[in-house]
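Undergrad: Before I ask anything, let me first share the structure, which is written out below as structure tokens.
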Amino acid sequence: MTNLSDLRTKLVIYTVLIVLTVAGFISAVSIAFDHRNSTAAFISQATALAETLSEAAVEPIYSMDVRLLRQQVNSTLTNDHAIGAYVLDTDEKILTDGSDENQLRGTQISSPIIDHITETNGWITLRDNENMTVGGPVLLTEGYVLGYVVLEFSMIELNDRLLAQVRQTLALSGLCVLITSLAAIVVSRQITQPIIRLTDFATQLKNGTSDRKVPDCGKGEVGRLAQSFSKMLDHMDISNKNLQNLAGSLEKQVRDRTQAAEAGSKAKSEFLAVMSHEIRTPMNGVLGMTSLLLETKLNEEQEEYARTISESGEALLVIINDILDFSRIEAGKMELDEEPFELETLLLSVLSLLSQTRLNENVTLKLDYASHIPKTFIGDEGRVRQIVTNLVGNSQKFTENGSICIGVTGSSKSGATVLNISVKDTGIGIPESKLTGIFDAFSQVDSTNARSFGGTGMGLTIASNLARLMGGDIRVKSQVGKGSTFTFRCKMRITESLAPTDDFSIVKPSVVTPNDPPIAKDSKLGETRKILLADDNKTNRLVVQRMLKATDLQIIHAQDGSEAVQQFITHKPKLVFMDISMPKLTGIEATREIRSFEAKNSLLACPIIALTANAMKGDREKYLENGMDDYLSKPVRKSDLTELIAYWSQERSGPG
């Protein structure tokens, strides 16, 4: 109803505005014409009177008959509008002002009109809002001036008359607008009334309070609109029924497809988890036994064979990790951690690790860390390490001589830094035509590279996807024969320097040293130095046992979760390595049983370390939440194993 009231108001307003505009225009034109014509007539009359006086003043001036001249001036002053008349001699001095006393005789008139008259020897008219002055020469003959005539007229009466005409015109215009407004109101009601009824019906229809019967809106356009509205409602009823049937069908299809998609996503996640576990389990045996073999006495040829197996296994593990990471990214399962870490330390550890590879001995690895860049940031340390490792590893493959430099620059603002981590090499370079697809999956510069340099072509793809996941990107500049520069750009929050923490599951040495850390004789593992090793895979148990052969630790074996609980109760070990996927009881279930036993018997908690091939995102956190103290993924490296034992033997003590 409000909108229709607005419509009615608009009709009235528009009509009034049009009439007001037309009336105003006509009034303005009429007033302008009246003003121009009245003013022109007034000037013409005043000029004629002045010219008459000029002609009559010739003889008196010539004969110097001042009395006659005064009479002529007095005659001129009988004009209703004349307020002053003067006759001047050629020296511009007053001969007479028309008064009997003629007191102004011999004085000069103060009006500026005299200067204009003497300059032009013609008739001049000057006027302001209230007065008008007309002046001209008194000529005996053409060019012979006897004197001057100046007449002053009042324009007040003329202005009053013009003002009255303006008021009359405006009053007529206002009356016209008023009549038009009243007519517009009446007409607008007749026009909008059918629309109001139709709108009220539409509002009721929207609110569900209508009987769906369109009101009678008369004939004409609104009537035809109402009829069309009625037909539209009939069609809508039919369409709504069809839509309800279709919506039900579509909803079922969407529900089925959503369930299928969720099932597919779950299956993919389960597949990734299973593949990660099943591949890492035999790799643990391959790499573990190879590392043990390399510790035995071998001749040069046998050592070369064993080292080749180890390097091939490590390369295979890298490829497996790349495939799993790529699959996680494709499935949208990749998540980022937000933890403090030291960037410079991270980059140095990457260079230290990669410098130990035998891929290229003629290449120098170096770090150029800008002094103004903070050291500690908040982000995913592991993924930053992975990106930089992939970029440096890629440069190593394509650089035979020269250097590979990691450069760190950027700018800090509002507690964050836009980092530019660049990897610049002096390698073979990349043709410009290949740059656009350099980050595509399974892409390499040319087909011979896969054989010459190895790799799956996924390293840069994974690095690029991880960079985007972190809100950044990776850009590349390259010149064939001179080298390439890959720049990882992202924004990271700055934090204070890392402080010590009491969370022993986090505070551990993160850099692998060449020599295994010693396990002290007086460690808190106690005199018996018992360690429980629970794993359903015999090879895995054998690998761990042989890695610890040089120590005096007593290894207690358990091949399933239930046996692990019984062995713990029987032997009360000081440290437990617990596999996760075991029969009878899983590692998590066995851990819960052990924690329950400790609580019932008021025993101190024994450190339990998850030793598992499950390396998916969130696995470590899940195990820690379920009572475990630490996490070690397979394949197990001897240095990591002994490092964990040394750490927990110094930091915790078990029962008994």
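Each position is counted from 1, following the chain as shown.
Backbone N, Cα and C atoms are what each Cβ position is placed from, and that goes for glycine too.
Unlike curated records, TrEMBL annotations are generated automatically.
I grabbed these lines from TrEMBL:
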- 189-241: domain 'HAMP' (DOMAIN)
- 274-494: domain 'Histidine kinase' (DOMAIN)
- 530-649: domain 'Response regulatory' (DOMAIN)
- ASP579: 4-aspartylphosphate (MOD_RES)
- 12-33: transmembrane segment (TRANSMEM)
- 169-187: transmembrane segment (TRANSMEM)
Undergrad: Going by DSSP, how much of the domain 'Response regulatory' (530-649) is helix, how much is strand and how much is coil, in residues?
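TA: Summed over the domain 'Response regulatory' (530-649), the classes give 54 helix, 23 strand, 43 coil.
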Undergrad: Mean pLDDT across the domain 'HAMP' (189-241), rounded to an integer, is what?
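TA: Overall, the domain 'HAMP' (189-241) comes to a mean pLDDT of 68.
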Undergrad: Enumerate same-chain residues with a sequence separation of six or more from ASP579 (4-aspartylphosphate) and a Cβ-Cβ distance below 8 A; give 'none' if the list is empty.
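TA: In sequence order, the residues whose Cβ lies under 8 Å from that of ASP579 (4-aspartylphosphate) (at least 6 apart) are ALA534, ASP535, ASP536, ASN537, ASN540, GLY587, LEU611, THR612.
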